[in-house]
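Noted in TrEMBL for the protein shown:
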- 11, 12, 13, 14, 15, 16: ATP binding site (BINDING)
Ligand code: ADP
């Protein structure tokens, strides 16, 4: 199966673009959803998390105590590394399983941190970056999530730069001050390119 890795910073429009591809019948694999599922009640990551971090990090329903884990990893890089050593291989395995089972001309894997976590790039045929300015990210996420400017800037500071994401891209969708019909036109054109690459 031909695999397109779709990435972009927070608020760049990844979900919006992914939905436009899905409207063409392209199957989506969403790594954020998978990450959430493996730490949902009795998710496959939970036994290892309980062993590594203790039962205090498991909520009564068997899911990850997200608030507690967020507080820990925010200030403790080694804890973050230990958590990711558990979750990343499971996310990778589940992503590969969903890719194998996907039915369609090609598959899109939505990977918000594709550029940050190096090995993703080698596991996709093509990297598609959704691009917009930092100012646009800030205003979209402030209104979507009701975050302050400082909260959005703190998230952006932990992500790859706009330049790094553009440098990693094979293809770019421009989503800065772009009306939705023009965004759709770019997706339609890119879909035709992927159809022919996938068929080749
Ligand atoms: P991401 O998945 O990259 O975080 P989203 O697709 O959720 O980004 O987009 C962030 C917000 O901006 C959403 O509320 C979305 O509806 C809005 N948005 C994205 N692109 C556009 C656009 N071209 N025109 C208008 N609103 C947009």
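The backbone N, Cα and C atoms fix where each Cβ goes, and this holds for glycine too.
Curation does not apply to TrEMBL; its annotations are automatic.
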In the chain carrying residue 14 (ATP binding site), residues 6 or more apart in sequence that have Cβ under 8 angstroms from it: 6, 7, 8, 110, 112, 130
Greatest C-beta neighbour count within 10 angstroms, which of the binding-site residues 12, 15: 12
Additional residues surrounding ATP, by Cβ distance to the 11, 12, 13, 14, 15, 16 centre under 8 Å: 8, 17, 130, 140, 175
Cβ atoms near residue 13 (ATP binding site) (within 10 Å, other residues, all chains): 24
Packing count at residue 16 (ATP binding site) (other Cβ atoms within 10 Å of its Cβ): 17
